[in-house]
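Per TrEMBL, the feature Mn(2+) 1 binding site maps to A:ASP103, A:HIS211. Annotated GMP binding site per TrEMBL: A:210-214, A:336-337, A:385-388, A:SER392, A:411-414, A:LYS487, in sequence order. According to TrEMBL, the Mn(2+) 2 binding site annotation covers A:HIS242, A:HIS336. Look at TrEMBL and you will find A:HIS411 tagged as active site, GMP-histidine intermediate.
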Amino acid sequence: MSDKNTTSILDILTKVNDNTWEVPGNYKPGMNVPGRIFVSKPLLEILEPETIDQVANVASLPGIQKYSMAMPDAHLGYGFSIGGVAAFDKDEGVISPGGVGFDINCGVRLIRSNLMEDDVRPRLAELLDSLFEAIPSGVGSKSRMRLTDEELDDVFIHGVNWAVKNGYGMKGDLSHCESNGMMPGADPSKVSIKARKRGRPQIGTLGSGNHFLEVQYVDKVYDEEAAKAFGLKEGQITFMIHCGSRGAGHQICTDHLQKLTQASKKYKIPLPDKQLACAPASSEEAQDYFKAMICAANYAWVNRQMIMHWAREVFDEFFKAQHGDLGLDLVYDVAHNVAKLEKHMIDGEEKEVYVHRKGATRAFPAGHPEIPEDYKDIGQPVIIPGSMGTASYVLKGCPAAMELTFGSACHGAGRVMSRSSAKKELRGEEIQNELKSQGIIVRATQPSLIAEEAPEVYKSSSDVVDVVHNLGIATKVARVLPMGVVKG
DNA sequence: ATGTCC
């Protein structure tokens, strides 16, 4: 069966190099540009043909620049594939919620420490219990804090600035977030009452699915200079937070999808797939979505900030008396699901484009003005979480990203088995015990969730990372291994 | 991903 799959995919795609395959511009009628899928041969063999169709569909949207792209972790998504990257001209192009996804600014942050593996291992189980208690998780989980309506507006507009101003973090946290944890241009009046109602009680909650808080140790350093700049060394304890904008972002996406479905008809945009609903970038409908999307993006950064704040408190409670200042600095926070107006060189000219990254990470190289001062000679940290129980990677953005992918890299391992089949075929308790035998502790609200997120339902994060590393889009800095995971 | 169907 896999032979047949490979044969049919190879009939469609043209090899550009070992890690780049092209979807010809005549593969489907209406394509404005060809597609580019960045995969190695082993990843190509497990690529779904439907993902290629999605790349081709996106190529037919107005004003798309250069290529409709898919990262090595690409798989089927709503309209656009997960792992999709597409840039649309600011004036001639479109904005599409499908190119961002339902979990607006789902993303990941990495926190370093002065602790070493041996300091934490003896108290790991207790530590995880405390983290599980301190950070609300699971579907519909409610926060430890209640935002007023005014505070919710502040979160939407000011992002992490709101959190730091109110004592939930340190000033240095700001510059170590993509966009300083605050995209400008938010307009809370474009967010429905329903989305506000869902968002108010959920700030600082982990959610469910593949979202997690993980205690890790640095197992390998590939790039000494970059690791030093990021404050990382072998044997050191780190922790990672992966979550998004919860019910608020989901509702904002749902609300505006409905409006943009109407707008697609109004502006007579031919859609090969209804899920690609969009509107001309400069139209009121597209801009309303964009202003609401920014509210959700800023909300997601605050969500991760609150979780980090409470996790820092737990670490301090456990280790400060013995170890003093734990140096729990934010290494960086990246968005995986967002659209941004950026300047890129296209055919020798600088152009403003709306870059849609859906399950893709920004990966700007050294010297880019959006990189914090202390990383400016290194490049932007690119944080790639592995699946539960497997390695995560820290990379640095490199110049090839600007040439090849509008400054983008992959975002994670990428699913190979659906949630429903995982639940049918695997048992959560068994996975939990298997991980325990490897020294990895898992705390989750439900065993079925552990089955849905089992290591074997994901591609290998190292295969995926090797593609962007070998292309020179983002190169490996360090690998971290899990010790304990808190899940929804 | 998601008050996993208002």
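In case you wondered, yes, glycine gets a Cβ from its N, Cα and C as well.
Since the structure is predicted, the reported quantities are computational estimates derived from the model, not experimental observations.
Here the features listed in TrEMBL are painted onto the structure.
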residue: A:ASP103; record: Mn(2+) 1 binding site; contacts (Cβ under 8 Å, 6+ apart): A:GLY244, A:SER245, A:GLY249, A:HIS250, A:ASN337
residue: A:ASN210; record: GMP binding site; contacts (Cβ under 8 Å, 6+ apart): A:HIS242, A:SER387, A:GLY412, A:GLU453
residue: A:HIS211; record: Mn(2+) 1 binding site; contacts (Cβ under 8 Å, 6+ apart): A:CYS106, A:SER137, A:HIS242, A:CYS243, A:GLY244, A:LYS487, A:GLY488
residue: A:LEU213; record: GMP binding site; contacts (Cβ under 8 Å, 6+ apart): A:LEU131, A:ILE135, A:LEU206, A:PHE239, A:MET240, A:ILE241, A:HIS242, A:ILE307, A:ALA311, A:VAL485, A:VAL486
residue: A:HIS336; record: Mn(2+) 2 binding site; contacts (Cβ under 8 Å, 6+ apart): A:ASN105, A:CYS106, A:GLY107, A:VAL108, A:ARG357, A:GLY359, A:ALA360, A:THR361, A:HIS411, A:GLY412
residue: A:GLY414; record: GMP binding site; contacts (Cβ under 8 Å, 6+ apart): A:PRO72, A:ASP73, A:ALA74, A:HIS75, A:ILE82, A:GLY83, A:GLY359, A:TYR458, A:LYS459, A:VAL464
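Under DSSP, A:ASN337 (GMP binding site) is assigned to a strand (E or B) in the three-state scheme. Of the listed binding-site residues A:ASN337, A:SER387, the Cβ environment within 10 Å is emptiest of other Cβ atoms at A:SER387.
Cβ contacts within 10 Å of A:HIS411 (GMP binding site), excluding its own Cβ and spanning all protein chains shown: 27.
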